[in-house]
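A.B. asks: Below you'll find the structure I mean.
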């Protein structure tokens, strides 16, 4: 390595990332760094701030944070790897990717990670040190090479990669073992691949992930923030052997991409277990028998079952021998069986027995809590520090991160540090006295948000340990000063913050100087007087600059407008139980699914249906095959028991039947007279036209169907089911191509939970922010609650236009 002894006269230094400066940064909303080396600057945009960071010479700028309401930019030498991250309002943290990454691109010229040992384990010498070796590359002479501490670097563009001088007097320098970043190649099965290849192995152009044309799909980027579903780049969000994409060819739904394997060893896979933790992706035990006692087939063999879950396709999943494993993100470890009649089964793995203290702050797999956000609106008193409800959804609809988890956001708001705050599960809480309950989110790019909760009016009771949950008071409808959604269109006269501080006039510059939110710069925002407004569309609602010199801005406490009853669909007045079982499952709380109806012939229940307006019920077309005369049918609304009907049920005749004209399994029934909308009889919401339910969304089915002898026969039962993307559901192992794009799958692949005979035509509803949406009509399945055979439902969003046309014209 003689050239390292030479003073290089010229280096071709290419900055990573050209064009938009922000492409080189990772962003996190609501995050701030506790930095000791920083500069505060006044700028008008995040792009300006990025330029300032790039041009800084007095220190290496690794991050910056931007405060939009202050128009303030803070550039910093630290990042989240070197200093604590704090929760803060009105701030976005931007961190340079190159300083967060512990992998190298190409030869590692721009590697800025923290590896400080060589391949043989020798400790690196500091670049600024003179002993034991006098360096030719020093921080002073090479300020752009990132020669920090004793970290491995490649200041001379060595093709063999990063290196360092060593602390061994006998060894002047050695190369370091730095893994390759997965933007030019892939490790394992490519689930962390973040490159920009956007064509399939046959050369087809990839369809953008945020598009539903030409192929509708459930891999929606906003629902999978950790999967990096950007642009139309090849990705692997569902555990396939390698990255893939939907294609722009209407005749080819999806195809694998040709991504080369990285030549360096893969990154550590994290802790492994001899017992079941989470979904068992890290299980490395030696159980080799399925739940029914069948012996497992060896992963490397193709007999009796041919498959692609091979050690070659999943090199990081330890597919040794015939041991049960979970290489592709199934609910639990499984294996192919040696029985030619049974392709595969799950295995029975003992649960890990460990105390919470052993796992809660580790990077162990996180068990995501079940959906708990109540649809019956809870409220909180004061600033919500006494709130003890079960809401776990933020104001923008994001799911909350469990308080004991450090993924995706590391934090100090733990049950140990705040023992009196009741930091249970992932429920919204207010441990630090903020303006209302909040939580960390499961979106890596959004650290925290306030929760989708209302403040109690004077007559309401909050969700506390001693008080029952109450429905938001109807008296709120008399409020004249109220907001819709985030209040961007609010034009009321509220002029004090939630803390009671008077607002500063928008045209004033005292006590706070500002230029971005003034009547002149925002003429359409109606910035009159000192009234609360939301000119920037802040998710937390209207705000104002305050007259307190120590408080730049704060939010205003303005109630939400009460929706008219016609817009109140999908909101039962009794909170659903939301249990995870149907066949062998649980009995629903009476009238908690008030849109569920019973279709009857000759007094007998035979199918379910869903009330979508006072005069109209949606059901399955196959339920109406035997008799075309609508007078044969009766619709029972508000029932909980199948046979012993309550006195206040409504029984309606059917005057008209409408079958979908292209023979889809969906139909509309017009009732003989409008149903009276009550707490027990209430319509579900229709989805937006062509809306796609995201893969793994938790939805609910209800019905009086066959229960296989389980408890609750004759009573309305419910089940929680995950939606399964059609691409997955149509695998050979499951429904083998039978599911059409106008249908959706939902169910537990382990079996035991499903809709069944008598449930046909009934609803599959999915919770969205604050209400239930009718996304599916129970249609068909291969058997009932069978292993690897999920239920199939008509995708209602594909027929919304037809449904609305029929109702409008009849």
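Cβ coordinates come from backbone N, Cα and C, glycine included.
Source: prediction; values computed, not measured.
Features from Swiss-Prot:
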{"type": "ACT_SITE", "residues": "622", "note": "active site, charge relay system"}
{"type": "ACT_SITE", "residues": "665", "note": "active site, charge relay system"}
{"type": "ACT_SITE", "residues": "760", "note": "active site, charge relay system"}
{"type": "DISULFID", "residues": "49-73", "note": "disulfide bond"}
{"type": "DISULFID", "residues": "53-61", "note": "disulfide bond"}
{"type": "DISULFID", "residues": "103-181", "note": "disulfide bond"}
{"type": "DISULFID", "residues": "124-164", "note": "disulfide bond"}
{"type": "DISULFID", "residues": "185-262", "note": "disulfide bond"}
{"type": "DISULFID", "residues": "188-316", "note": "disulfide bond"}
{"type": "DISULFID", "residues": "379-456", "note": "disulfide bond"}
{"type": "DISULFID", "residues": "400-439", "note": "disulfide bond"}
{"type": "DISULFID", "residues": "503-544", "note": "disulfide bond"}
{"type": "DISULFID", "residues": "607-623", "note": "disulfide bond"}
{"type": "DISULFID", "residues": "699-766", "note": "disulfide bond"}
{"type": "DISULFID", "residues": "756-784", "note": "disulfide bond"}
{"type": "DOMAIN", "residues": "20-98", "note": "domain 'PAN'"}
{"type": "DOMAIN", "residues": "103-181", "note": "domain 'Kringle 1'"}
{"type": "DOMAIN", "residues": "185-262", "note": "domain 'Kringle 2'"}
{"type": "DOMAIN", "residues": "275-352", "note": "domain 'Kringle 3'"}
{"type": "DOMAIN", "residues": "379-456", "note": "domain 'Kringle 4'"}
{"type": "DOMAIN", "residues": "482-561", "note": "domain 'Kringle 5'"}
{"type": "DOMAIN", "residues": "582-808", "note": "domain 'Peptidase S1'"}
{"type": "CARBOHYD", "residues": "339", "note": "N-linked glycosylation site"}
{"type": "MOD_RES", "residues": "598", "note": "phosphoserine"}
{"type": "REGION", "residues": "398-418", "note": "region 'Disordered'"}
{"type": "SIGNAL", "residues": "1-19", "note": "signal peptide"}
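Please situate the listed features within the shown structure.
C.D. replies: Residue 622 (active site, charge relay system) is surrounded by 16 other CB atoms, counting those within 10 A of its CB over all protein chains shown.
Taking the Cβ of residue 665 (active site, charge relay system) as centre and 10 Å as the limit, one finds 22 other Cβ atoms among all the protein chains shown.
Residue 760 (active site, charge relay system) has a Cβ environment of 24 other Cβ atoms inside 10 Å.
Cβ-based neighbour count (10 Å, all protein chains) for residue 49 (disulfide bond) stands at 26. Annotation note: residue 49 (disulfide bond) sits in a helical segment as assigned by DSSP.
Sequence-distant contacts (6 or more apart, same chain, Cβ under 8 Å) of residue 53 (disulfide bond) comprise 61, 63, 64, 75, 94, 96.
Here residue 103 (disulfide bond) comes close to 111, 113, 178, 179, 180, 181, 182, 267: these same-chain residues lie at least six apart in sequence, with C-beta atoms under 8 angstroms from its C-beta.
With a cut-off of 8 Å between CB atoms and residues at least 6 apart in sequence, the same chain places 116, 117, 118, 150, 151, 152, 164, 165, 166, 167, 176 near residue 124 (disulfide bond), listed in sequence order.
Around the Cβ of residue 262 (disulfide bond), the same chain contributes 179, 180, 182, 184, 185, 186, 187, each under 8 angstroms and 6 or more positions distant in sequence. In the three-state DSSP scheme, residue 262 (disulfide bond) falls into the coil class.
Packing around residue 188 (disulfide bond) is summarised by its Cβ count: 22 other Cβ atoms lie within 10 angstroms of its Cβ, all protein chains included.
For residue 456 (disulfide bond), the Cβ neighbour count at a 10 Å cut-off comes to 21, with all displayed protein chains included.
Note: residue 439 (disulfide bond) has non-local neighbours 392, 394, 400, 401, 403, 426, 427, 428, 429, 448, 449, 451, i.e. same-chain residues 6+ apart with C-beta under 8 A of its own C-beta.
The Cβ of residue 544 (disulfide bond) lies under 8 Å from the Cβ of 495, 497, 503, 504, 506, 530, 531, 532, 533, 553, 554, 556, each of which sits 6+ residues away along the same chain. Taken residue by residue with DSSP, residue 544 (disulfide bond) is part of a strand.
A 10 Å cutoff on Cβ-Cβ distances gives residue 607 (disulfide bond) a total of 25 other Cβ atoms nearby, all chains included.
Taken residue by residue with DSSP, residue 699 (disulfide bond) is part of a strand. Under a cutoff of 8 A between CB atoms, and with a sequence separation of 6+ in the same chain, the neighbours of residue 699 (disulfide bond) are 693, 720, 721, 722, 723, 746, 764, 765, 766, 767, 775, 776.
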A.B. asks: Counting Cβ pairs closer than 8 Å, which of 20-98, 275-352, 379-456, 482-561 has the most of them with the domain 'Kringle 2' (185-262)?
C.D. replies: 275-352
A.B. asks: Kindly state the mean pLDDT of the domain 'Kringle 5' (482-561) in the predicted structure.
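C.D. replies: Mean pLDDT across the domain 'Kringle 5' (482-561) comes out at 93.
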A.B. asks: So, do the domain 'Kringle 4' (379-456) and the domain 'Kringle 1' (103-181) meet, by the test of 3 or more Cβ pairs under 8 Å (sequence gap 6 or more)?
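C.D. replies: When sequence-distant Cβ pairs are counted, the domain 'Kringle 1' (103-181) does not touch the domain 'Kringle 4' (379-456), since fewer than 3 lie under 8 Å.
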A.B. asks: If contact means at least 3 Cβ pairs within less than 8 Å, sequence distance 6 or more, would you call the domain 'Peptidase S1' (582-808) and the domain 'PAN' (20-98) in contact?
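C.D. replies: No, these stretches are not in contact.
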A.B. asks: Using a 10 Å radius around each Cβ and all protein chains in view, which of these disulfide-bonded residues has the most neighbours: 164, 185, 623, 766?
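C.D. replies: The most densely surrounded of these disulfide-bonded residues is 164.
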A.B. asks: So of all those disulfide-bonded residues, 49, 73, 607, which one's Cα sits nearest to residue 456 (disulfide bond)?
C.D. replies: 73
A.B. asks: When the domain 'Kringle 1' (103-181) is classified with DSSP, how many of its residues are helical, how many are strand and how many are coil?
C.D. replies: 3 helix, 13 strand, 63 coil
A.B. asks: Between residue 49 (disulfide bond) and residue 665 (active site, charge relay system), what is the CA-CA distance rounded to a whole number of Å?
C.D. replies: 56
